[in-house]
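Look at TrEMBL and you will find A:1-20 tagged as region 'Disordered'. What TrEMBL lists as compositional bias 'Pro residues' is A:1-10. The annotation transmembrane segment is assigned in TrEMBL to A:31-55, A:92-113, A:125-146, A:174-198, A:219-241, A:284-303. Annotation comment: TrEMBL describes A:88-300 as domain 'ABC transmembrane type-1'.
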Amino acid sequence: MPRLPTPLTLPPDRSGPHTLRRRRRREAATAWAFISPAVLVILGLSILPVVWSLLLSFQVNDLVTPSRWVGLDNYRALRQDPNFHQAVENTVVYTVLYVPLSIAVGLALALVLNRRIRFVGLYRTLFFVPFVISATAQGVLFSFILDPEFGAANSVLHRLGISPQGFLTDPSQALLVLVAITLWSGTGLCTVIYLAALQDVQQSLVEAARLDGAGRLQLLRHVTLPALTPVSVFLLLWQTIQALQVFDLVYVTTKGGPLGSTTVIVYFIWEQAFKEFTAGYGAAAAYVLALALFVVAVLLRVVRGRERTPRTKAAAS
Amino acid sequence: MTVTTTGRTRVGSRPAALPAARRRPRLPFSPWHLLLVPLAALFAVPLVWLLLSSVMSNAEINRFPPALWPSRIDLGGYRYVLGNAMFPRWLLNSLIVSAVAVTSNLVFGTLGGYAFARMRFAGSRVLLVLMLATMAVPFQLTMIPTFLVMKKLGLIDTLGALIVPALVTPFAVFLLRQFFLSLPRELEEAAWIDGCSRLRVLYAIVLPLARPALATVAVLTFLTTWNDLTWPLIAINHDTQYTLQLGLTTFQGQHHTRWSAVMAGNVITVLPVLLAFLFAQKAFIRSVTSSGLKG
């Protein structure tokens, strides 16, 4: 610690309006110097692109030649594009499977680990480690493990007498396999966050419920879970946003195949913009996705607001 | 190992004596381990397999059914990856991009966060709201125009295209602002009255207190830049400018039959993050949970 100056608590300035104003002005200049890098990067590479994207979505653009204005044509085309429909469907299936499963399993693991059990730290580490590994590395690893010919998974199945599976090369399995891989890497996050939240559940409440004769399940239902609601809502929002934006894993493992069975929305956007060079069309699809994300966020905010009101009322009375 | 050091102190959370009727034959350990051990194994097996297959010979892997345990340690994969392929170059690129991103997020995040937390200037409100709004913007929405901006700046196909958008995130500014707001004002004001400049106050008084918040920013910035694939995939074409993630996936595409080399490359890609995680596990978990609990 640096040596602190003697604690004066005088108001900052009393030396007259002139110096005060000068100091204010200098302060504002310093403040602008402090924030300008952040403002430049964030506004330049975020606000500007958001507007630009909107304009692009009304244009035909190939990233090279000047673009042409087409109005709502891109959006109309999206509505009729079977590939886009499939991408939306795949993304929804993926999200609906992944989000509740990861939260439920994460919660169950956290509840078990929250009992005074030995090696909690070791278990927590093991469940959480896959989370820090990049989607690329996960994808490459599982492409190998699940390789129909050379993979360990089929080797194990063979030893158990089960016929070899296609996994990522089978159109009816690929999306489910992707969900499983993401569960492997994403459940630990839920566990760790729930574990931290469980530490904050008021022990006095738990004790009181116990004294009133609440069993384990009643305790869980009426004390623990309600106390965890804010965290659950956060995880629901966070995991949904992550799931709707899945891309890296798909690019590395299946490239949207086989037969488009794993083409998700972001993969569709990337393909349109940077492979087919129809950037305006891609931008329109990106806007549809952004709108969906926005709706999810607003819905959850409403739910959360409704959750919060009764409790504060109860606390006040 | 450092992983078991989570002393949790919960006092009296269990009733002292259970009714005698509910007492079951006792295992020497909690029955929950019977569930947890297989589950933990399920989580660990893919990573163990990654390590094992990186030291197998190709002959062992290409057998059917493939071997599940290496008969001897074969470093051919690593030799191939470090000798013939461009992995050392990609590793260097990834290190440069991540190091610059972490440093600049710490510096610009601190400056911006401090200005928003403590200094009064015209427009601060509007700017803060705008900045918060950008946190909700998904990357897919900005990636096409960002590509066009980078192209205009002549940065496409250079590490600059990867560094510039990562220089400072609204997340870093906002997280540090929240932290600075939680500090007592008196210390800084005293120093300010004594004639210290804002920068000096920030450097000498605020920063030493802000270590946990700075660690969070560093950890999360490192994780996201190191692990990113989408943006390098868009911004980089030439293989001398690849990051490890981009290099690994192209390498896998080109060497489909050399699985041991691919897995060796995968180990190299994963190892820096894994080591950072094992050494600073507390900071990692705290970063992730704190950003979650306050969200």
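Cβ atoms here come from the backbone N, Cα and C positions, even for glycine.
TrEMBL labels come from automatic prediction, so no person has curated them.
For the transmembrane segment (A:92-113), the list of distant contacts is 120, 123-124, 127, 175-176, 178-179, 182-183, 186-195, 198, 220, 224, 228, 232, 235-236, 239-240, 243-244, 246, 264: same-chain residues at least six beyond its ends, Cβ to Cβ under 8 Å.
Residues 283, 286-287 of the same chain, all 6+ positions outside the transmembrane segment (A:31-55), place their C-beta atoms under 8 angstroms from a C-beta of that stretch. Below 8 angstroms of C-beta separation, residues 95, 98-99, 102-103, 106-107, 111, 186, 190, 193-194, 197-198, 200-202, 205-206, 209-210, 293, 296-297, 300, 303-304, 307-308 of the same chain, each at least six residues beyond the ends of the transmembrane segment (A:219-241), sit close to that stretch.
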